[in-house]
């Protein structure tokens with residue numbers, strides 16, 4: 001269980017800014033952010049999207065992060081965040097968890113500590129985006145649901161351990 005007197009602050013590397021239809025991905029070999037594709041639908045990312053460096057998720061990639069921002073940042077931006085919740089999902093490759101975070105230095109969001117403090121409609125928008133954004137590609141995503149702070153912290157801890165184990 002996380003000690004709420006000390007927030008867990010982590011860094012996230014942003015790949016895709018809020019409001020973008022462009023899908024960017026970090027190329028591990030070239031160490032650059034590359035344009036992957038334009039989303040096939042007219043949907044846009046509901047929040048900044050990136051990953052936690054030096055982690056390894058169950059899908060073999062770094063652990064995904066969703067960062068609530070008032071204004072979009074940019075690909076390659078690093079933001080200090082604290083985790084709030086876990087979005088549990090499955091795609092064609094299997095489990096695809098994402099950690100919902102808020103920027104540590106943004107007074108519009110940094111008061112949020114738990115899933116229950118996130119605007120409920122925003123949570124619905126995020127779920128709706130991930131349930132439908134790949135439909136026109138003929139791919140489908142199953143959103144299992146939201147889990148709280150403890151699940152997010154546990155997933156982050158496991159992803160860090162998995163990364164360290166793989167890179168001994």
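Along the chain as shown, residues are numbered 1 onward.
Backbone N, Cα and C define each Cβ position, glycine as well.
Since the structure is predicted, the reported quantities are computational estimates derived from the model, not experimental observations.
Swiss-Prot annotations:
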| type | residues | note |
| --- | --- | --- |
| BINDING | 23, 37, 49, 133 | substrate binding site |
| BINDING | 59, 64, 96 | Mg(2+) 1 binding site |
| BINDING | 64 | Mg(2+) 2 binding site |
Listed binding-site residues 23, 37, 133, filtered to Cα within 10 Å of residue 64 (Mg(2+) 1 binding site): none
Number of Cβ atoms other than its own within 10 Å, given for residue 23 (substrate binding site): 17
Residue 23 (substrate binding site) to residue 96 (Mg(2+) 1 binding site) - Cα separation in whole Å: 16
Environment of 23, 37, 49, 133, the listed substrate site - residues of the same chain whose CB lies within 8 A of the CB centroid: 16, 20, 21, 22, 24, 36, 39, 45
Sparsest Cβ surroundings (other CB atoms within 10 Å) among the binding-site residues 37, 49, 59, 64, 133: 37
Cβ-centroid neighbourhood (8 Å) of the Mg(2+) 1 site, 59, 64, 96 excluded: 57, 58, 61, 63, 89, 91, 93, 95, 97, 98
Between residue 96 (Mg(2+) 1 binding site) and residue 133 (substrate binding site), the C-alpha gap once rounded to whole angstrom: 15
Separation of alpha carbons, residue 59 (Mg(2+) 1 binding site) and residue 37 (substrate binding site) (Å): 20
Distance, residue 49 (substrate binding site) to residue 59 (Mg(2+) 1 binding site) (CA atoms, angstrom): 17
Taking residues 23, 37, 49, 133, which bind substrate in the record, the widest Cα spacing (Å, whole number): 15
